[in-house]
Structure formats: C-alpha cells, structure tokens
Amino acid sequence: MPDLEPLAVYIHWPFCVSKCPYCDFNSHVRATIDEAGWRDALLADLAFEAALLPGRRVTSIFFGGGTPSLMDPATTGAVIDAVARHWSLDADCEITLEANPNSVEAARFAGYARAGFGRVSLGLQALDDAALKQLGRAHSVREGLAALDIAQAHFGRVSFDLIYDRPGQTRAAWEAELARALGFGTEHLSLYQLTIEPSTAFARLHADGKLVLPDADTSADLFELTQAMTAAAGLPAYEVSNHARPGAASRHNLAYWRYDDYIGVGPGAHGRRLATATERHKKPENWISALAATGSGLNVEAPLDAETRATEALLMGLRLAHGIDAAHFAARTGRTLEATIDTAARDRLVAQGMIEARTDRLQLTPQGRPVVNAVLAALHR
Amino acid sequence: MTASLSQIRNFSIIAHIDHGKSTLADRLIQQTGGLTAREMSEQVLDNMDIEKERGITIKSQTVRLDYTASDGKVYVLNLMDTPGHVDFAYEVSRSLAACEGALLVVDAAQGVEAQTLANVYQSIEHDHIIVPVINKVDLPAAEPERVKAQIEDVIGISTDDAVMTSAKTGLGIGDVLEAIVKFIPPPKGDFDAPLKAMLVDSWYDPYLGVVILVRVIDGKLVKGQEIMMMAAGTKHLVDRVGVFRPKIEVIDALGPGEIGFITAQIKEVAQTNVGDTITDAKKPTAHALPGFKEVQPVVFCGLFPVDAAEFEKLRDSLGRLRLNDASFSFETESSAALGFGFRCGFLGLLHLEIIQERLTREYDLDLITTAPSVVYKMLLRDGREIELHNPSDMPDPSTIELIEEPWIEATIFTPDEYLGSILKLCQDRRGIQKNLTYVGGRAQITYELPLNEVVFDFYDRLKSISRGYASFDYHQIGHREGDLVKMSIMVNAEPVDALSMIVHRGAAEARGRHMCERMKDLIPRHLFKIPIQAAIGGKVIARETIAAMRKDVTAKCYGGDISRKKKLLDKQKEGKKRMRQYGSVDIPQEAFIAALRMGDDK
C-alpha cells in the first residue's frame, strides 16, 4: 500500500448560519437545506473524481466550509465511507472536521467521532468577548472553551484558530491572550493575522476608515511575539500561521504546501490532481445543476504546465518552516528548483539572511518568514 | 484685387486667461458673417485640444472679417490671435508687429492681471492704438468704473472710448466693430515697392504642408511667385495664397497691409523662421525687417519612456511634433536610472508642459520627465566657455572659474492679503525686489529672480499661496554669476543621475533635505535598510533612511486555492516591472515623477 500515490481529499460544505464580516470563503446562508439531496450530490461529485484517480491511498480527509459542523453526522459518515470505498485509507489517515465552538454543534461531537473523525479544527478566533462580537462570531469565550473541552474529550487531535492583529489589539493584550491559549494543552494552533479581504463587510468598513488595523510595525511585533511564544511553548511554527507540537502538524494542509495531489469536492472547492487545477462551481445551486447535467460540479479544469506547477510549488512550499525539498519539488513539478528561481536573487537573499539554500533544500530563515511575499517576488524567476 | 490700405484694420486682442478673448473673437466672427451660429464650435480659434482645455493660444492665428461700417464702407478687419503666454514672447512680438492696434479686453469683475500688463506694454511698445474693452459687464460682480480707473492708473491709457461688452450675451459687439474702424489706424505700405512681408508664424497642416502666416508690408504676394526667406536664405515657389475667414479661402494676391497665408511646398516648420522677411527672389527688397531673432530654448529637461521599448516611438513622436514646432530641440540622452531618452529644450515651462502633454495624449506615451533645468554658462579655468544644459554634464568643480545663471524680471499681480507670503517666497528664491505698487486692493510686485528658482516649483507655490489669485509673468534679463553647485542624490550609496540638480549653495541643504524626505516616502521598504543622501561633491548634506521591511506575508492560504496566491505573486512582480532597478534598490517610476514635481507639500 505505501507504493500507491498519496491523495488528500477536501469536502466543502458551503452553508453557514450567518456570514462573518471578515470571511471571504465560499459560504452561503440558506433557510432550508435538503440534506439528503446534498449528501447524494457530494457522493456523486466524489465518485467523479474517484473514477479519474484509481488506486490511490488517501492520507487525509478534510471537511471545510462554510460550516461543516452543521452537517448531520450521518451525512459526514456517508461521505467518509464512500472515500474509504473508492480508495484505501492510510492506517493513520487524518480525518478533520472544521467546527464552530458553540453548544449546539458541540452536542454532535460524539456523533462525528463515531462517523470517523479523529481530528477537529475549532474556529475559536478570539479569547475576548468584545473581539468575538466584532468578528461577528455567535459564540462567547465561555461557550467556546466549553466546546474545546468537549472536543478534546472526543477527538484524539484538536486544533483551534485564533485571529490576531485585530483593530486596537495591543502587544500586551495579545501576549496575554496567546499565553492563555497555549495553556489549554492543545496540540495544534492556527494563528492568523486579520487580513482585510475584498468584498467583505470588513473591507467596506476599512475603506470608510471605520475599521483601523494596527500599523505595520505593530503587526510585525505581534508576529514576532507569536513566533517566540509558540516556540517556547513547544508548538513552533511549521508554516507561516500554523503551529504544532512535533508530529502534530496537519497532514492535510501539508499536502497543499508540499504540492501533493488533492481533490476538492463540493461548491467552490479547489483541487490539484494529475497536473490539473480544478475548481467547482461556487454557488451551491449552480454546483447542483452542473452535477445533474455533467456528472460533476466542475467549473474549471485547467491543465498546468511545468512552469506554473513549479511556481505554485515554490510559493506554497516556501511557507513551510521545513522549506522545499529539491527532489520532491522536481518530482512534483517536472522542473528543478534551480530552474524556477533567480539564482542571483537567491544568493543575495542568502547574504541578507532571508533564506537558507542547500543543494537539497531551500527554506526561509526565521528572519525571512515575516516577509515571505517579498522574498518570493525577488526569488521567483 | 487687393484691399485698399485705408479700409484695412489689423488688430490683436490682449486679455488674461478667462477674461473672454476667445468668446469675443467668436462674436466678432459671427456678427460679420464669417461663420453661421451652427458652424461655430465653441472658441473657433483655439484649434488644439490643449488650447481649448487650458484656454490658451499656442499658435498665432488670424481671421479676416468683412465689416460694413456705419459710414457705409466695407472694411477688411484682420483679427490676429496671439499666443497668450510669456513662453511664446517672441512669437507674440512678431504677431503684434503685424498689427496697428489692439483691443485690451479686461474682465469687469476681475480687473487687470499681470499677463495682461506684460502684453499691453508690448503692444504699446509697438506703437499700437489700444482700445479698452470692458467685458462681462453683465456679471453681478462687475465693477466697470473701478476697472476703468484701474486701467488708467496701472496702464496709463485713457478709457474715455472704452467699450462695454458682454461677449457671452452679445452686448456691445457692434460698438467694438465700430471702435476698431474708428480708432485703429489703417496700415501703411507701398504697392509698387519690391515685396516685403513678415513671416508671422507657421505650422504644419497634413493636407497643405507648411502653412505660413504673413503680413505684407510692401508689394504683392501672388501664386507662382518665387520668394526668398532673407534670414534663412532659402527660395520657394508660392503655390497658394489665401486668407482665413476663419475657413480657408484661396485668393489671387495679398497686398500691402494685408494679412493672410501662403503655402510653398515646404515640408518642415523648421525651414521657416518666425520674424523672417519674405521678399521676391527676383526683385528683392533692399532692407529686411528689423527685429528678427533665432529662437533659443531656455528650459531643458530629460524625457524618458517609462517602457524602454518605446524609445523609438518617442523619437518618432518628437520628430513629428517638431514638424510643427521648431522652437523645441531634442537630442539623445542616456541615464543610468532611466535608460535611453532625450534631452529637450523648451521656450519655457508652459511650453515644456504642452509638449509633454501632447506626447502623452496624442502619441499615447508614458513618460518620465526629469527636473527642469536652465542653461548655465561656465567659464573654465582653461579659458573655455561652455553652456550646460544637463546637470549630469557638470564638469569637475575644480576646473570651473565661474558659473553664470539666467535671471528674469518677474511681474506679479496679487490681492493684498497674499502679499506677505509672496514677498517671502520671492526672497526665499533669491529674489531682488525692484518695485512694489498698490492699485485698489491689489499689489503689483516686480522682482528679479534666478530662472532656476522659478523652474523649480515657483509657479505652483505662487498659485497655492495665493489660492490661484496671483498672476505672474516674466522676461529674461540675461546671465549673472552665481554660487552654484551640483547636488547629487544617492540611494543606497549609488548616485541617481536623474535626480541630480544644480542649486545655489545657500539653498542646497534645504533642497537636499526635502529631496531625501521625499524619496524616503516614495521608495517602498525593501528587505534591507536603504540610506538616502544628498551630497555636494563628496560631502553629504542631508540624509534619510528607509527602514527595512518587517512584514509582508499572507496569513491564510485560502484552502487549496493556489491560483489566488499565484495572482498575488503575479501582481507583485508586475509592480516590480514598473520600477527602475538601482543597484539592489527598486525605485518606482512614480517616485521619479513625484520627486521631481516637488512643491505641493511644503
């Protein structure tokens, strides 16, 4: 079985109870959802991909959204079972559910565990009630922490998200908040700086000057502080915004960053498989009708040439603390790392202390990590 | 048949921008039947888009009107529209020399402005009879009596015969026509003498070739005649003689006192010199007309294409513009920062702006313009004298005996309340006050100023200080010795040639500090810190540092949506393309443009 090519499976559930003002993911609010119909549609979309990719071993399944913890556990179980029927699951296959930390959803956690999930990723987002309110979250800190307890009781592996670098957030406030977060013994944390995404409610407020983000120096300070505190707590960054105990990194996300094959099933889901970029119809209704008409929810299926694959692999891989393995890079993209980068720029960046370059691996230094975009722009040929 | 001298009137219109010159001209044309109302597009005379937008005239133009006066006779009225700006002072002087009188149009609410003054004095120097026209008397804010008093005080001409008009409503237009006939004298001339005509202006017409505007003094100009340009020494065969009404009308001949045009199969405007005397090649006149000058550019700057691939297109476009405007010059220049471009010479700042704007607009070029500089004269230790058009060419200071810079005499007209700030501005720019007079709530200031202080950002500053109310005009008064040094700007220890400039030693530090502060804001943070220095010779006089970039990272990677991250990278790289690499520093094109524009912040 280890000889089989690995595959990561992403399932998108596009519905939310309400839309958060910072979020630009593909989420929709609908009054009623025909869950049986949706289950069948997801299964059909999945079967379409399975037919193209026989004989793989699945290393991870990730249910994202939207809010997949609004799904009936039975629906998720049906999808997981189908994945297991189409392919063989790795013995330690990582099956993750994104969940909102509120009491209604936490009540279903036992059901999800029975359905096959071994890992949950909680959208805790903040340990401050005023901040949660500003972020448009429905839960309180107390409710969130209660959900975290339940999650840690039911799942072997738990992660939670926090959004920092928020309007008005001081260094001291974040330091206290992060210290508290690190005290729960959770093995994995996703710590994202608040980013204003286009066409969100926050983008409008920001444009009107009603939402003011911390200045660049403060953001840089907060980022550095985060690196230092998580490392000290034994959860160093293994990716720009992701921190884990040794061995607790998200295998599913690693597939993205290492540019391994992954399929994306469900509205708006993205995939990279067989040197092809796939994108499903974003709007749930369009995805459903595309499925009925063509047998898949595909909206875009674009072959990627070696150059594009190499660019993608570079910009994903450089985010990892481990960096890019030259051999894996060449195998995945059909191009050498050397041919993908501007070697003069690489040497300059090495001299500036932004990257470390060995023949078998290219990685950011801790100094280069906060400026990875600028490094990439300089490095990419 | 040429017109009889006693029934010809040649006149120009003197007015400040917006005081209604073009509207008045349009009314005169309309009333004498030159164009029907339907044919009149707004402001017939200003042909080019830029002229229409800015309300200024760049080329001299003329319109011949037939007017039946109250005495029953039909008069030929030649309305000469002259360029309204000091940059074109020489062209203006030639246009004025072609006339015997002028209408002085003054806005009944605004009163006399500096530009009006400069032009009216010129007109007086040409012994013109001036007919004051108080325009816009229909405006609620009109104060014709006050304006009349001001004209008498400031200009010193009688306003007893002033005409009250509203070019907008048509009020008083008939009175203007009568006043032209009554007060402006007919031209003098000799039908039988050898041809003597003045080349007033010329331009390139895609259908006709070069069109030459002429004023005949003596003799006749006819089709088929062989003419000679006396200064240029060239001969041409006249293939067309005509007048503008304002539409072209071909006629048989132009006689003494008449204004019209000829074409003579000339391909380039550069072959025709404004102010030259045109005579009959076979029977030349004994004496050329006085006052001919070769036009010399006074302001220089570098023009570089933003996209290096457009260099040839820029050359081609400059060549085409020069077909129609021989008064600017250009030669290839190369800059380490900006690549290949051209060093161009202009008659003044407005001229520079016009050419730049036409290149951008008509030829669709994206340009970087370097800081305007003036022509310095240098006496070197070895006795050689050189002229310096480009700060980059400055010789080693130790070889220079002395440097002279051009000076101007500036006339500024301003409401009282801005006087203090304007005096300070002039002092700061090394000005020498020559005169200060008050006329009814307004001050007229005369200053001598170094031209290099004026080309810097003087005009912008003046406009901003006075909220646009002050008006400004100048003429050159020659070169004077000055304590001038070349200031270089260094980014990350590398001199940026496009930013070097020649400044007065006393102003160098302030200018240098300002330039460094400016560049600090304009150059984005890099992965390393970047010193920006201003230096004279090896001595640093100002310094700023751009801190190293601390954060440039996308927090989330959007699920598996890599395309989105790739777009971000593409955008970042696209942005880099619009930068100039300077050593290891990327300087945005906009930084050069903004740094050189100056003046809007301090």
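Note: Cβ is positioned from N, Cα and C throughout, glycine not excepted.
Bear in mind that TrEMBL entries carry predicted annotations, made automatically and left uncurated.
In sequence order, B:Ala15, B:His19, B:Gly20, B:Leu24, B:Val105, B:Val106, B:Asp107, B:Ala108, B:Thr165, B:Ser166, B:Ala167 are the residues near B:Asn135 (GTP binding site), counting only same-chain partners six or more apart with C-beta under 8 A. Residues annotated as GTP binding site in TrEMBL: B:Asp18, B:His19, B:Gly20, B:Lys21, B:Ser22, B:Thr23, B:Asn135, B:Lys136, B:Val137, B:Asp138.
Here TrEMBL flags B:6-188 as domain 'Tr-type G'.
Here the binding-site residues are B:Gly20, B:Val137, and the one ringed by the most other CB atoms within 10 angstroms is B:Gly20. In the three-state DSSP scheme, B:Ser22 (GTP binding site) falls into the helix class. Neighbour counts were taken as the number of other C-beta atoms within 10 angstroms of each residue's C-beta; across the binding-site residues B:Asp18, B:Ser22, the minimum falls on B:Asp18.
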